[in-house]
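Annotated transmembrane segment per TrEMBL: 94-114, 126-145, 157-176, 182-202, 214-238, 244-266, 278-299, in sequence order.
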Amino acid sequence: MRRPQQEIKSEELATHHLHPCPCIPAGPMCIQLPGTGRLHNNMNSQSTSPGYTNPYASDMSSPFSDPSSSGSFDGLSGSSWEDKNVRRMFIRKVFCILMVQLMVTFGVVALFTFCEPVRQFIQYNRILYLASYMTFMGTYLVLVFSSSARRRYPTNMILLGIFTLALSYMAGMLASYHNTKVVMMCVGITALVCLAVTLFCFQTKVDFTSRHGLLFSLLMVLMITGLLLIFTVPFGYIPWLQTAYAGLCALVFTLFLAFDVQLLMGNRRYSLSPEEHVFGALCLYMDIVYVFFFLLQLFGSRE
C-alpha cells in the first residue's frame, strides 16, 4: 500500500529568531539584541487523506522535506536526496558559505574591538546600529519567506551578503563595549562549541530533527522569560538573573545549532532540500552568532 506523502506547508512555519530579548549590559548603554529566529516547522502535520496522494502537491516555498516519504518534493525525488554525492555537495556548499560569513563577522568584531578610533566612532554614532538592525530584519524576512529570492542567483548571494554585513556590524557594536580579553574568549568558546556540536551530530544516533516540539517549548520559555526581564529594568540591573538567562539562551541555541546541522545531513527524519544552501547557511550562521552574543552577555555581564 502506498504511504501517503508527508507535507510541510509554509503557512505552518513560525519564527524562532524573532522573539524579544533583554538588553545586554554594555557599559554606558544597553543595546537590544537583534531578534532571534528560525523557521520552526510544525512537522507533525501529515497528509492523511485515504486513497491516491498527489506526489507533486508539496508547497514549493517550503525549504523542508521528509526523505522517508515517496514522490517528489521541490522538484527533487526522495531518492535523489539519498544520493551521497548530492548530499556531500550540498553540505560542502553550505559550509563554504558559512565559513565566508564567519570570517567577515570575525574581521568586523576584531576591527571594532582592537581599533580605538573605530570603537569610539561606532559608539558615538548609535543610529548606525538601528540602521543595521532594520537592514538585518528586512533581508532576513525576504530570504526566509521568498523562495524565489533565496534560490535565484545572484539575488540570493547579494541578499545574504547584505544580511551578513548587517549582523556583523551589530556583533561588532556589542563587542566594542566589552573587554578585549572577554571578546576573544567568547570567540574561542563559540568556535569550540561549534566544532563539538558538528562532530557530535555526525556521530550520534540521536535525531534532533524529531525533537522540534521540545526545542519549540524551550524557545517559548526564553520568550516569556525575556518579556519578564523587561519588567525588572525599573528595579535596576540584577546580575544573577541576567547571567542565568544568558546561560539558558546559549544552551538553547546550541541545541538549535545541532538541529540545523542535522537538517543538512539528509539521513534524519527531516532535512533541507538540496536547493536550500542559502537557507541552510543562514540558519547555521544565526545560531553561531547568537551563541556568541549570549556568551558575551554571560562572561561580560560584570562590566
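Glycine is treated like the rest: Cβ placed from N, Cα and C.
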Stretch in 94-114, 126-145, 182-202, 244-266 most in contact with the transmembrane segment (214-238), if contact is a CB pair under 8 A: 244-266
Stretch with greatest number of CB pairs under 8 Å, the transmembrane segment (182-202) reference, 94-114, 126-145, 244-266 candidates: 244-266
